[in-house]
C-alpha cells in the first residue's frame with residue numbers, strides 16, 4: 001500500500017512539474033495561435049516557445065516594462081496562412097506589422113479591440129473580405145495600410161471618425177461604392193484609393209451617394 005501511495009504521489013508531482021502545452025499567459029497563447037495558423041517556411045517563428053512564462057523573449061515580439069506585448073514585427077516574413085482573431089487580445093499592442101507576406105482570408109473583427117494600436121500594416125498580402133467597421137474603434141490609429149490585397153465591399157463610413165489617422169492606403173484592392181470625404185478622410189487624396197475599379201467618388205457636397213457605385 002505504501003508503495004502504491006508513493007507511486008501516485010510521484011506521478012502527481014511529475015504532472016505538476018511538467019511544463020504545460022501552452023503558456024498560461026494569455027498574450028503568449030494569442031501569439032501562439034498565430035504560429036499554429038501559418039506556415040513558416042523560413043522558421044521565422046522558431047523561437048516562439050509556448051512553454052515560456054511570457055512571449056517577451058520571442059524574436060519579432062517587443063514588450064513593455066510590464067511584459068505586455070507592444071509590437072509584433074513580422075513584415076516580409078514569407079508567412080502563409082490566416083490572421084487569427086486571438087490577436088485582438090493583445091491589449092497594449094501599438095504596432096501590428098504583417099505586411100508583405102502571403103496571408104489569406106479576412107481581417108478579423110477582433111482587431112478593433114486593440115485600443116492602443118498606432119499602426120496597422122497589412123499591405124501586400126492576399127487578404128479578402130471587407131474592411132471591418134470595428135477598426136473605427138482604434139482611436140489612436142495613425143497609420144492604416146491595407147493596399148495590395150483583394151479586399152472587397154464598401155469603405156466603412158465609421159472609419160471617418162478616426163481623428164488621429166495620418167496615413168491611409170487602401171489602393172490596389174477590389175473595393176466598391178464611393179470614397180468618403182468627411183472627418184479624417186477629408187485630408188486624403190485619391191492616391192489612397194487608386195486601382196479599385198469599382199470605387200467611385202470622391203463624395204462631393206453630397207452629390208455622390210454612399211450607395212452609388214458597383215457594389216452588387
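Glycine residues also receive a Cβ, built from the backbone N, Cα and C atoms like all the rest.
TrEMBL: automatically predicted annotations, no manual curation.
Summarising the annotation, TrEMBL assigns domain 'Leucine-rich repeat-containing N-terminal plant-type' to 25-64. Broken down with DSSP, the domain 'Leucine-rich repeat-containing N-terminal plant-type' (25-64) shows 15 helix, 5 strand, 20 coil.
Under the heading domain 'Disease resistance R13L4/SHOC-2-like LRR', TrEMBL lists 72-170.
What TrEMBL lists as signal peptide is 1-24.
Confidence in the domain 'Leucine-rich repeat-containing N-terminal plant-type' (25-64), given as mean pLDDT, stands at 94.
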